[in-house]
Amino acid sequence: MSSWADSIDMAFGLVPVLFAGMVFGLVAGLTPGISGRIGLLIALPVALWFDPVGAAVFLIAMHSVVHTTGSVPAVLLGLPTSSSEAATVMDGWPMMKAGRGGEAVGATLAASLVGGVLGGVALLALAPLGGVIARQFTSAEVAALSATGLLAISALSGRSLALGLVVAALGVLAATVGVDTHTAAERFTFGRLELWDGLNIGAIVAGLFVIPGLLHDRFKGHPSGQPEMRKTPARVHYADVLRGCHATMRNGWLVLRSSVLGIVVGFIPGLGASVVVWLAYAHASASTRPAVPFGKGAVEGVIAPEAANNSKEGGAMLPTLLFAVPGTSSMGILLGAFALIGIEVGPGMASRDPWVIHLAGWVILFASLLAFPICLALAPVLTRLAFLHRAMVVPFALMASTVAALAISPSVETLVQIVVFGALGTVLAHLDWPRAPFVLGLVIGPILEGALTRTMLTVGTDALARPMVLVILGGALASVVYWRRRGARRVGASLPEAEGGEPGSHAVVSALVAAVFALAIAGAWSLPGQSSVLPVLVGVSGLFASLAALVARYPARGFSDVVTPSVLAVFLAFLGAIWLVAPPLAAAAFAMVYHVRFTPLPRRWLVPVCAGFALTAWVLAGETIGVLRPFTAFGDLVPISGP
C-alpha cells in the first residue's frame with residue numbers, strides 16, 4: 001500500500017477498532033490517576049487482540065484523544081491529571097469558581113477538536129516531505145538524532161540537566177539487558193534465561209509511574225501547591241458548554257496560531273506537552289486582550305493550551321514513525337508497543353511502509369472528529385466521572401497495569417521487575433527526579449545502538465564530518481543551551497539551598513547510581529566486539545552525570561516519609577496473590593482489602609468494585625492466565641484461559 005486512498009480505505013474499514021480506541025482514550029484521560037502513559041500500558045493487552053494494523057489503529061486512536069478529556073478534571077477540580085493540563089488550570093479553575101465551568105469545558109472540547117484535526121492534517125501534509133528527508137538519512141544521522149533526542153529530553157524534563165542525563169543513561173543501560181542482536185553476547189542477564197529478550201517495558205512503566213502514585217505521589221501541578229478542590233460534582237449545563245464552543249470559534253485566529261505552535265513543537269524531541277502548553281499560554285497572554293485578565297478566568301487561557309496540546313500529537317508522530325525518535329515518554333511507550341505488535345518504524349518506513357504514516361494521520365483526524373460530538377453529548381456525565389476520588393482510581397490503575405505487564409511477559413520475573421522499578425520510581429518521585437527520560441532511554445537505546453554499530457562498521461569517525469550530522473548535533477546543543485538558560489531564569493530562584501549537616505537522600509542516591517554505572521562499565525568491559533560499546537559509553541556518561549549531580553546543592557531530604565508501610569504491605573501481598581492464585585482472584589482480594597482499609601468507598605459498593613477488578617484482570621490477562629498457571633500454587637482452582 002502506497003497511496004493516501006489505500007490508507008483512508010483501511011481507516012474506514014477499521015472504524016469499529018478506531019472507535020473502541022477513542023472511547024478507551026477518552027475514559028483514560030478523564031479518570032484521575034490514569035494518564036496517557038498508564039492508559040497506553042493498560043490498552044496494550046487489548047490491542048494485542050487485533051492484527052498488527054488494527055492494534056496500531058487502536059493505540060493511535062486512544063493516544064490522540066486522551067488529552068481531550070484530560071482537561072475536564074483540570075477545569076472542574078483545579079487538579080490537572082498530568083503536566084499536559086497544567087496551563088489549563090490557570091484560567092479553567094478560576095472560571096469554574098466564577099460559575100463558568102460549563103463554558104470552560106466547552107472551550108476545551110472545541111479547542112481540542114480543532115487542534116487534533118489540524119495535527120492530523122499536518123501529519124498527512126508533511127509526510128511526503130518527511131519521507132524525502134528520511135530517505136537521505138544514513139545510520140550516522142539516525143545515531144545523531146537518537147542522541148539528540150536523549151539529550152533534549154534530559155535537558156528539558158526537570159530542574160537539572162545532570163539529573164535528566166542520569167535517568168536517561170539508566171534507561172539506555174536497561175535497554176542493553178539481554179542477548180545482543182549483533183554479537184549474541186549475553187549482557188547483564190545474571191544467568192537468567194528470562195532476561196535474554198530484555199526487560200519488560202510494561203513492568204517498567206508500571207513501576208516508574210503507577211506504583212509511586214499509590215505509595216508516594218502528592219497532588220502536583222497546581223499553581224498554588226495543594227489544589228483547592230471541589231468536594232461535590234459541579235452542575236454543567238449544555239447552554240454553558242455551547243457558549244464555550246462559541247468562544248473558541250470567536251477566537252479562531254488564536255486557535256489556529258496555537259495549533260501551528262503545537263505542531264512545530266511536536267516535531268522537536270524533548271519539547272513535549274509540559275513545554276508546549278506553557279508556550280501557547282504565554283503566546284495567548286502576549287497577543288490577546290481578553291475581557292477577564294489572564295489567571296482570573298480568561299477563556300483564551302483555556303483555548304490556547306488545549307489547541308496546542310492536541311495538535312502536537314500529529315507533529316510528534318512524524319519523528320516517532322520516520323526517525324524512531326519519540327519526543328515524549330508517551331510516544332516512547334507507543335514506539336515500544338509498535339515493536340511488540342510487529343510494526344517496524346524508522347527511516348526505512350518512508351520507502352517500505354509509507355501507508356502507516358498516512359494511516360496514523362487519518363486515525364488522528366477521525367478520532368478527533370468522533371470524540372467531539374460524543375463528549376459534547378455526554379458533557380454532564382463526563383463531569384461527574386471526573387469527580388471520582390483519586391484514592392479509588394489509583395489502585396485500579398495499579399492492578400490493571402500490573403496485569404497488563406504480565407500479559408506482555410507472563411512470568412515471575414515480571415513481578416520482580418515491577419517491584420524493582422516500583423522502588424526506583426518511588427525514590428525518584430520522592431527526590432523529584434525526572435522519570436520520563438528512563439522510558440525514552442529504554443526505547444531509544446536499541447535504535448541508538450543499532451545505528452551506532454552500523455556507523456562504526458561502515459564509516460567510523462568520518463561520520464562526524466557529514467554535514468547533516470553536524471547540523472543535528474549543533475542544533476541540539478544550541479537548543480539545549482537556550483532552553484536551559486530560560487529554565488534556570490524561571491526556576492533557579494525557587495530552588496532552596498541545601499540544608500546543612502547530613503548530605504540527605506539526594507546525595508545518597510546519586511552515589512548509589514554512580515556505583516551502578518561503575519559496575520556496569522566493569523561488567524561490560526570484557527564483552528566481545530561491538531557489544532561492549534554502548535554499555536561502556538553510556539556507563540561513562542552516566543557516571544560523570546551522577547558525580548555532577550552528587551556535588552550539586554539540593555534540599556536534603558530523608559527517607560522516612562517515602563512510603564506508607566501498610567500500603568506497601570497490601571501491594572506486595574497483591575503481587576504474591578497473583579503468583580499464588582492468578583490475576584482475577586488476586587485483583588478482587590486487592591480491591592477488597594485496599595478499599596476497606598484506605599478509601600472512603602461505601603460498603604454497598606464493595607462487591608461491585610471487587611467484581612469489576614476481577615473482570616478487568618480476566619479481560620486483560622486473557623490467555624496468559626493459562627500461561628501463568630505453572631507458576632501458581634493452586635492453578636487448578638482458576639480458569640485455564642481468559643476471554
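Keep in mind that glycine also has a Cβ here, set from the backbone N, Cα and C atoms.
TrEMBL does not curate its annotations; it predicts them automatically.
Listed ranges 238-257, 438-457; the one TrEMBL annotates as transmembrane segment is 438-457.
When the stretches 38-61, 566-593, 605-621 are ranked by Cβ pairs under 8 Å to the transmembrane segment (355-379), first place goes to 38-61. Listed stretches 38-61, 321-343, 504-527, 533-554 were compared with the transmembrane segment (438-457); the greatest number of C-beta pairs under 8 angstroms is found for 321-343.
Through the fold, the transmembrane segment (321-343) approaches residues 35-37, 40-41, 44, 47-48, 52, 55-56, 59-60, 63, 130-131, 133-134, 137, 142, 145-146, 148-149, 153, 201, 205, 266-273, 349-350, 353, 356-357, 360, 408, 435-437, 439-440, 442-444, 447 of its own chain, all at least 6 residues removed from its boundaries and within a Cβ separation under 8 Å.
Contact count against the transmembrane segment (533-554) (Cβ pairs under 8 Å) is highest for 504-527, out of 38-61, 414-431, 504-527, 605-621. Contact between the transmembrane segment (504-527) and the transmembrane segment (414-431) is supported: at least 3 Cβ pairs lie under 8 Å, counting only residues 6 or more apart in sequence.
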